[in-house]
Each structure stands twice: as C-alpha cells, then as structure tokens.
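Q: Structure below; questions to follow.
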Amino acid sequence: MADEAKAKGNAAFSSGDFNAAVTHFTEAINLAPTNHVLYSNRSAAYASLNKYSEALADAKKTVEVKPDWGKGYSRLGAAHVGLGQYSDAISAYKRGLEIDPNNEALKSGLADAQAGAARSRAGASPMNPFGDAFSGPEMWAKLTADPSTRAFLQQPDFVKMMQEIQTNPSNLNLYLKDQRVMQALGVLLNVKLRGGSAGAEDEEIPESPPAPKQPEPRKEEKKSEPEPMEVSEEESEAKKRKAEAIKEKEAGNAAYKKKDFDTAIQHYTKAMELDDEDISYIMNRAATYLEMGQLEDCINDCDKAVERGRELRADYKMIAKALTRKGTALVKMAKGSKDFEPAIEMFQKALTEHRNPDTLKKLNDAEKAKKELEQQEYFDPKLADEEREKGNEYFKQQKYPEAIKHYTESLRRNPKDPKAYSNRAACYTKLGAMPEGLKDAEKCIELDPTFAKGYTRKGAVQFFMKEYEKALETYQEGLKHDAGNQELLDGVRRCVQQINKASRGDLSPDELKERQAKGMQDPEIQNILQDPVMRQVLIDFQENPKAAQEHTKNPMVMTKIQKLVSAGIVQLR
C-alpha cells in the first residue's frame, strides 16, 4: 500500500501536480513512517510549492531516519537555500559529501549555496531591485530613525512582514497592499510615497533601559595554608606502587614505539600487577597484542578493561576506546559477512559510550565491507537471469510493482547486469517514478555505454519530464553507438517536434507558462540568464539588428539562445 501511494506521489510530482504529490506521500508516510525515501520525496514536493519550512522539516526527518544517505542532505541543503539560510545549506551539503563524496547533486547544490551566500554578502541580485533596501541592520535603523515608521515597529505583524521581506526580498510583492509596508519602502528608498500613516510623528519609541550596574567583585580573603595530613603506611605504599606502575607504563610506551612488542607486553603486565585501578595499562597491552596479530589476546584484554572499568566507574571515553579496540580486532578476524556482525555491534556500543569520529568511521567501513561480502556471497548470474525473466513476464502482464521486485532481486544476484537496470527503469517510467527510472537508466549506460536500450530508457524519462533538450542529447548520444536504431530515431523526431513548437510560438499559454516555470528551475538556464554577455545579446536581438546578425555567427551564443527558446523563455519571430 505504501509503495502504491509512493508511486502515485511520484507520478503527480512528475506531472507538476505538487499538491497531489504531497497528499500521496503523506498517505504513504502514514503507512510506512520509517521509510526515509517518503520524507525525502515529500520534502521535494514542498520545495516545489515554495513551502520551504515544511520542506526543511521533512528533510530533517529524512536525515534523522537515514543519517548515512547522501540524498537526505541534498534535500536539507535545498530547503535551507529556499529559506535563504546559505550557511546552513553549505553545512548540510558538506555533511552529505562526507558520506557520499562523488554525489553530483550534492556537489552542484554546494556550489549553488556558496554562490548564493556570496551574492547575499555582495548585496541584492538584479532579480530583486529593492533587495539592498532591506538588507542588514541598516533597515531597522532607518525605520527607527524616521518618525513616520517608528511606531510601526511596536506592531508585531508589521515586524514579522519586514522580517520575511528581509529574508526573501521577493516576498515584498505579497505585502504591497499594506500601507505601512509602502510607507517603510518609501523611507528605505528615500522617496516620498503616498499612503503613509498619519500621526506617527507624535509617537516615541521608549528607550531601552540602562544596563544594570555590575557589582564589584569581592576581594578574595587570603586563606591560610592547610597543614599537611598524616599519611598511613598503607597509603604511602599504594602511592609508591602507582608511581612505579607509571614508570613501567612509560617504559612499555617507549618499547612499543620501537616495535619491541614483547618488551612492551612485559612492562604493561608489570604495571597492571602494581596498580589494578588504572585500566590504561591493560588497554595498552591490548593495543600491543593487536599490533602483534594476537587477536584473541587483544579481545580478552579489552573485555577485562571494560569489566574492570565499569567496576571503577572509569571515564566513559576509556570504555568506548576498549570497545572500539575489540571491534577492530574482530574486523581483522572476519572472513565472511556474518563475521562482521559482532564487530559492528562493538562499534555501535562504543558510540553509545562516546561518539568518536574514528569509531564512527570504523563502523561505516565495517558495514560497507559486510555489504560487499554479502554481495559477493549472494552473486549468482544464473539465478539473476531467472529472476530477470520472471520480471519480464510480470512486465508483459503490466504488473509493474511485481516486475520491479524480481528485477531488484536479479540485481542483487548480479549488480553488473545492464539489462536488469534497463528493464527496471521501464517499470519505474510506467509507474511515473521518473527519478528512479532516470537513475536506473543512467546506471545501465554506465555499465554498458554501447547498449542502445539504456539511451532509449533515459531519453524517454527525460521526455516525460518535458526536458526535451536533454532528451534530444541523450537520443543523439545513443545514435553514436547504434546509428540505425529506430527507437532512438523516433525519440529524436519527437524531441525536435516539441522544441520546434516553442521556436514557432505554437505553444498554448498554459504550455508556455509550464515550460517557462520548468526552465527557470534549470540551473543551466539560470546561468545563461545571469551571464552579462548573454543579457547584452538578448538586448541586441531586440534593439540592434546589426549586432544581432553578428551574434548569429557565434555557435556558442546560438546554442544558448536555442536553449532559452526551447525553455519558452525567448521567442524568435
């Protein structure tokens, strides 16, 4: 049921019905509240509706449920960017890249967030002509200094509106009907606007109360030195033994550094005999056994250190260190995927005692190694082919969720099979789960760049997402490997038809509006529109035919113009 609701949500999202997508994803979450993908998808839907606060909440939940999933941090960063919180966005993207260093979406998001932060520091962008007026603390200073707006600052709803405009200057359009906002805008721009509130000059802002006077620090009275206490013979002997134990430990450390492990073991053992109330000695001996490859002895010492440490109420960091060391020894002993389970358990226990980055890395490495071994142990190309054929039968019966189940099992048995990725991509496309379909198609091409089906699958997903330029590039790339492939040729023809509709101005107002909205979300289109050279080119096309004629001779310029035409941003007549 949750998968069905998720598929409906994906289909609604792909069609641009983001409100319906939110409804379906919410239904899926109610059925499967621990599924991190559902929160991620709903976050994307909220972001598409510009509901960035809700998107942020879902992104945080995604990361909470699945902290080692890079895409969750991509959603988190995008929500922060939407709220203008570039510093938090940058932090989120960087955390994601620590987990998945090769994730292109995280890299792109980080670059966008850093660019946004730079623009924010430099001032308002050209898209927000009044942005400078609302930036920084100077806005509040001007409004406080002017008698006509000073009283407004005592009104919570006005302050809230101004805060929202300061966070995102484009919100100004939402509040232009409010005369107080118009009056404030006039003050900030140093122009006289009609509609200001009368009588504000007579009201005064109460001054902030003076800071309370700090009491002078009391002078410390000179205390008399305590007399030395009598020490019993037993206490004196214990103190002496502790001092000798420390010397043995230092001698053991020196031997360890020289890789004279047998001598180090002797010194640490002697230190343990002299002082059994310091678990660092047995910890050091365990570390030495680990270096010597005597893993059973290392594990025994770690167990003793944990047991004795709890009796002595030792520092939890020391307990965590002993557990981590035991986990490291267990990893070295592991031969099969099951052998990693006790090591993973030790690392998890260590993290409950003390969250140490080194332990966390060891845990991630152990989990990764376990997964890789499981895949190797599970690998069976023959069974993979059988599962793929079962998936094909369900696909013919149009039972796409069942087909996906078998294709997924096939990929578990043989993760290098491009056909299984291609077939599963087709199922996702049929269900309207375009992001998943695109991911599988790209993996198919990655595994076999000469496999034409991979390009037809990817092109189909991009076409359904109305990314006609990208779909055309995909089909053309596929034709380099299979020039006579009819599916690829038909795909090129369909894309050209859609692109030409925009070029001829044959799009309906609704189609044009939809295509423009989609185009404005494309980072490549945004970069073209922000390029000063291209802005001048567009002006020349409108006002300077001679210069425009020169521009048409530049292939790079015309390629960018064509992208703007295809996106519905520019129309050529």
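From the backbone N, Cα and C atoms, a Cβ is placed for every residue, glycine too.
Curation plays no part in TrEMBL annotations; they are all automatic predictions.
Feature annotation from TrEMBL assigns repeat 'TPR' to 2-35, 36-69, 70-103, 245-278, 384-417, 418-451, 452-485. Taken from TrEMBL, the feature domain 'STI1' applies to 136-175, 522-561. Feature annotation from TrEMBL assigns region 'Disordered' to 197-246. Among the features that TrEMBL reports, compositional bias 'Basic and acidic residues' is placed at 215-226. What TrEMBL lists as compositional bias 'Acidic residues' is 227-236.
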Q: Which sequence-distant residues neighbour the repeat 'TPR' (2-35)? Criterion: at least 6 residues beyond either end, Cβ under 8 Å.
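A: Hits for the repeat 'TPR' (2-35): 41-42, 44-46, 48-49, 65, 401, 431-436, 464-465, 514, 518.
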Q: What residues elsewhere in the chain lie close to the repeat 'TPR' (418-451), defined as a C-beta under 8 angstroms and at least 6 residues from its ends?
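A: Residues 6-8, 10-15, 384, 388, 391-392, 395, 398, 400-401, 403-404, 407-408, 410-411, 457-458, 460-462, 464-465, 481-482 contact the repeat 'TPR' (418-451) from elsewhere in the chain.
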Q: Within the repeat 'TPR' (452-485), count helix residues (DSSP H, G, I), strand residues (E, B) and coil residues, in that order.
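A: Helix, strand and coil residues of the repeat 'TPR' (452-485) number 25 helix, 0 strand, 9 coil.
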Q: Please average pLDDT over the repeat 'TPR' (70-103) for the predicted structure.
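A: A mean pLDDT of 89 is what the model gives the repeat 'TPR' (70-103).
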